[in-house]
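Here is the structure we will look at.
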Amino acid sequence: MSTAGFNSQNGTGTGQTYANGPTQTPASLHQVPGVSSGMTHQPAYNPMQAKAPTPPGLYPYQPVPSFNSSPSVQPLLSSPLVGGPPSHTPPLSASPSPGPRLPPGHATPPPPATAVSSGSYYPSSMAPTWQFNTATQLPGSAASTNVPFRGTVGNHVNPPVSLPAPTSSASFSPTPPPMNNPQPPGPGIPPTSMHGYTQPGLAPSPGNFMPPHSYPQSRPGFGPPPTGPPPAMKPPPTGAPVTNATPPPPKADAQCGGAVNSLPLTEPIFQEGDIECPGAVTGNGPQAPNNFNHVENKMAGPTQPGPPSRHVGHYPSLPPGYQSTPHAGPPMHPSQPYTQAAPPYQQPPGGPGPAHLSPSMAAMSLQSSTPEALRVVNLLQERNLLPLTAVSAPTPCLPQDLQKINCNPEVFRSTLTSIPQSQSLLNKAKMPLGLLLHPFKDLSQLPVVTSSTIVRCRSCRTYINPFVSFLDQRRWKCNLCFRVNDVPEEFMYNPVSRSYGEPHKRPEVQNATIEFIAPSEYMLRPPQPAVYLFVLDVSHNAVETGYLTVFCQSLLENINALPGDSRTKVGFITFDSTIHFYNLQEGLSQPQMLIVSDIEDIFLPTPDSLLVNLNECKELVQDLLKSLPNLFMKTMETQSALGSALQAAFKLLSPTGGRMSVFQTQLPNLGMGALQSREDPNQRASAKDIQHLSPATDFYKKLALDCSGQQVAVDLFLLSSQYCDLASLGCISRYSAGSVYHYPSYHHQHNPAQVERFQKDLKRYLTRKIGFEAVMRIRCTKGLSIHTFHGNFFVRSTDLLSLPNVNPDAGFAVQMSIEENLDDMQVVSFQAALLYTSSKGERRIRVHTLCLPVVSSLSDIFAGADVQAITGLLASMAVDRSVTASLSDARDAMTNAVIDSLSSYRQSVLTIQQPGLLAPACLRLFPLYILALLKQRAFRTGTSTRLDDRMFAMYQLKYQPLAYSMLMIHPALYRVDDLTDEGALNINERTIPQPRLLQLSVEKLNRDGAFLMDAGTVMYLWIGRNCHPNFLTQVLGVPNCSSVPENLYLLPELDTAESQRTRAFVGWLRDQRPFFPSIHVIKDESQLKPHFMQNMIEDRTESALSYYEFLLHLQQQISK
Amino acid sequence: MAFTFAAFCYMLALLLTAALIFFAIWHIIAFDELKTDYKNPIDQCNTLNPTVEKVKKIKRVKIALKLVLPEYLIHFFFCVMFFCAAEWLTLFLNLPLLAYHVWRYMSRPVMSCPGLYDPTTIMNADILAVLSKGRLVQAGLLPAVLLLLPLRDDLCSGELLNGTASGPARAEATTRCWKTEPAGPHGEDLDPAQTVTS
């Protein structure tokens, strides 16, 4: 047994981040790493040697022949998916849902009124203010468009709906009704009336059908007419007796009942059903069973809409007609439905509902294709699109055993979870096909395998993965190229179970994400040491900003946490109009500064002693860091020769490779790579095309390519108040796989918020995991091919990215195309393999494999659409487009993407044509996200945006992982002054309240409340003028609103329940990302108020459409 | 048999077209190498683009062998020749291609050195497909031109042989030639037009 003890923790943020290598035994170092020993082989880094010292003569990097040829695996746990949230498949456990046994009437408890309550948000004024400023005009003139929102329920019923075909289980239900079916008629209703609902797919008894057009007026069988608050429809707490006690998702119950009653289902089918329905996009919070609507639709289609009770609400996507029932609304709902009505229904995950649903789902999805994801939503009538909590990725409809081991969507995600069979089908669907990856994400649990042979397909070099098939014990069939390969002898032994002859139980075959310690065949040269070079701007401007002090302090604090081993090297270069090198050679009493003023033809004064071993020269380095800020205190040099400094740094790093961190505060204006200011401040708000989005010179790009060739990555920190031409400078990071940080208006005194952010970012930057000399190859099943890559890297061949450094915060996107038809395949797979050198000098391969089903119908494609991934991919494509073509082109392209896909949906999938803007439920957020993109800093027009800010936003959209960029695109808004423990999550014995997501519209703000907007890198806490003093004192620790400080990095730790709840919630949000978002308090007169208000995406601004106007625009275009 | 300047132009063009065919084929191979993962895009673009260092290193004569720019220059060169020879029709037929070349060069990626191909974008499937398709069309059409040029050359010389034709008369003769031998001009025509649309 070789090394069995690899630490699988390559955890997040903490100082121990880098511990995912084998522990190093210093004793095994055979030679003292010298300053110039970058290339020397150091046996110490052979993972195998740590445990099993090899004979001296052995080539150090050769894997030790494993003793019994058995790979060792670290203790791998039962959960195959690493670090992610719990899998989305509904729990299978048969929950004690009352459904089947109960009389049908009871089987459906009143649906929670959470989402519904929109009707009640505006109890008195019925005009829903879609757009904050224009709401008032709606009533009179624009009747045609606005009717749906204003009139009574009856008005909203679309004519087509009124022709229910009793027997047809119409696969696509007409807009409004679907939701209502399983609706609780309330206790008073005779059980028979429910009967119609509970027979999905079967011919419902005619008696149950109501002509829909009549339902507003008379609804005999379904309980009280809408006029007047019907006693039967009580607010949930007092609702149906049995089921209310344990509030399971009501509809689920209804269905379960239905399924059991009407369909002879067998258990196995049920299980399949769980995953048959890729509905997770609705993300209806934990209890979103995704599945039940599927059934409902079937039932709903033909039948009439249920009684317009508000209870229905529960689903955010409820047609507004029902929500805004005038009669029911006001009396039933308290004015703050979020807190009072909603929480009770926030079902903890694993509620009984979903599990029970699965059976019926399975049956349904086999018979028709109307899963929840395809439920038709009329966007124009839909008021509450957002799910209760964060939107989650849809689950591909794979057989359960495959889905269980599939790759975590946070790591590997596809825009279409069902892959179309052919390119023509994809073209018909008009949706982008692509993958979004976060390959180097910090994972809490990662199986690491050490094996002398890594089993790969002999023809396509695919790594063995869970989706291969074993023909027999000795042969496996590659799932990418379908070649049959032999199973090597040593693969027959399973180190986990210590048994022989079970190759399919090996960790490689049980985990979609796995890491291998690579043997020497995977090295072109001995693994490089961790090398960090810091290139610092010390011109007058830089000293003014005061960043140098912060940087030196941060580095001093974290110098021991820098990932690396005993070979780690560091170096420093500073520059203004000349380049300064620092000789830190061991033995010097103090650092020696060497100035090179010949910036045209740069050379290294003492090549050997500029990069020094950190461990040996730590004191000198610390000395330097302490003295550096003072050294340039008085400098009057204003010029900046960045280009030459970069060249010098490149020369310094090129023998070893490594990471170059460049800190720049002004436009480089001297020597090579000098740039000119291209920004015209008067054009910032121009609605016309934005110029200068492409680089002014290719100097930085060429240098970046040189760096990439020498395994050097350049990370750029831009701290400036003026224009720096990020469009040109950014190329240096973009093509060398670095990252870009931008701190506009950085100043140590005037802008403490930026200083705070810089500090936190720097800490994360210095201590995060890092992989050197990496390449990533993405393979896919034969027939698919990679079209374009997005992110920071250099594309070395059609499927290979060269990444001199890879960091855990980098995301990638890939556009795919289908070159050959995939007719004969059930599933396709994608494999991303990232080969890198860890900071401990080990060569490692991290492999992620994703498996997706192939479908042949358009409706299935739509059902599998992942709206967030699509948005992320479109954003990347739009960035490319705005650089190569123009910004307005990119904006048009994004709008057209929505128009095309929705009109394709309308034409090809919808069988019943009806008015309105129809979208499948899984795409219902698509227009909203695209509108958000259009208003995002990167793409907005008409609002004053600095060119650098815009470029930075574009870079972020391209290289941030989807989870973070989605917050940038569409921030999350929560009300935080009334957090309760109801529906809270429990993580590590901490109770984390879960307020619901609010729409980004000013109408949601309330002067009495406090709202938290989470925009990814920054959070805004909006405090209403009349905010409850309780919140101010208990949470913020201030007596009144005016004394709230402007910047809160940490909420004060007060010993009150409110404070604890709020801190728990904010802390939980922060824990979800590796960087540290600071909190800005927004009060009425705040400077930052415009920033906050710009994120109110659904509202109208001077230059941009409101959400509702945007929908109307889309509708107009689609119906053309 | 008078060996006029125009006839000389046509002969020269014939030779140079052969060179252009060579370029086209070479590009096709180069793009294919990229597609099949045989070469690193940086190296490949360096071969296709005349980099500054290369110009310095390689002697002047040799530069001409490997580049896009020479290709454009060759075409420009025989456009000038035809202009001097007052072969208006041939010149006219070549103008679209000339304009395309100018446009193509103006809209090249930001580069500090001459050249058309950017190693960072060339691996983009769209760009690579467009480039290699363009070259394929070129490689298909140039041989046609190659065949037709001598024909045109003969006609030109033959006509000159017959008479002491002045400008206008010669133009007439040329049009006659067009009519009798429609394939000639047609072939000439195809090259620029097709390349432009591709």
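Cβ atoms here come from the backbone N, Cα and C positions, even for glycine.
Worth saying up front: this structure is predicted, and the values here are computed from it rather than measured.
As recorded in TrEMBL:
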type	residues	note
COMPBIAS	A:1-28	compositional bias 'Polar residues'
COMPBIAS	A:69-86	compositional bias 'Low complexity'
COMPBIAS	A:97-113	compositional bias 'Pro residues'
COMPBIAS	A:164-173	compositional bias 'Low complexity'
COMPBIAS	A:174-190	compositional bias 'Pro residues'
COMPBIAS	A:222-239	compositional bias 'Pro residues'
COMPBIAS	A:284-294	compositional bias 'Polar residues'
DOMAIN	A:454-490	domain 'Zinc finger Sec23/Sec24-type'
DOMAIN	A:527-766	domain 'Sec23/Sec24 trunk'
DOMAIN	A:771-855	domain 'Sec23/Sec24 beta-sandwich'
DOMAIN	A:866-966	domain 'Sec23/Sec24 helical'
DOMAIN	A:993-1065	domain 'Gelsolin-like'
REGION	A:1-127	region 'Disordered'
REGION	A:146-257	region 'Disordered'
REGION	A:276-363	region 'Disordered'
DSSP-assigned states of the domain 'Sec23/Sec24 beta-sandwich' (A:771-855) in counts, ordered helix, strand, coil: 0 helix, 60 strand, 25 coil
Remote residues contacting the domain 'Zinc finger Sec23/Sec24-type' (A:454-490) - C-beta distance under 8 A, at least 6 residues beyond either end: 66, 69-71, 80, 402, 405-406, 501, 503-504, 508-512, 516, 518-519, 779-782, 827, 829, 831, 833, 845, 847, 849, 851
Tally of residues which DSSP labels helix, strand or coil - the domain 'Zinc finger Sec23/Sec24-type' (A:454-490): 2 helix, 12 strand, 23 coil
Averaged pLDDT, computed only over the residues in the domain 'Sec23/Sec24 trunk' (A:527-766): 90
DSSP-assigned states of the domain 'Sec23/Sec24 helical' (A:866-966) in counts, ordered helix, strand, coil: 71 helix, 3 strand, 27 coil
DSSP-derived helix, strand and coil totals, residue by residue, for the domain 'Gelsolin-like' (A:993-1065): 23 helix, 14 strand, 36 coil
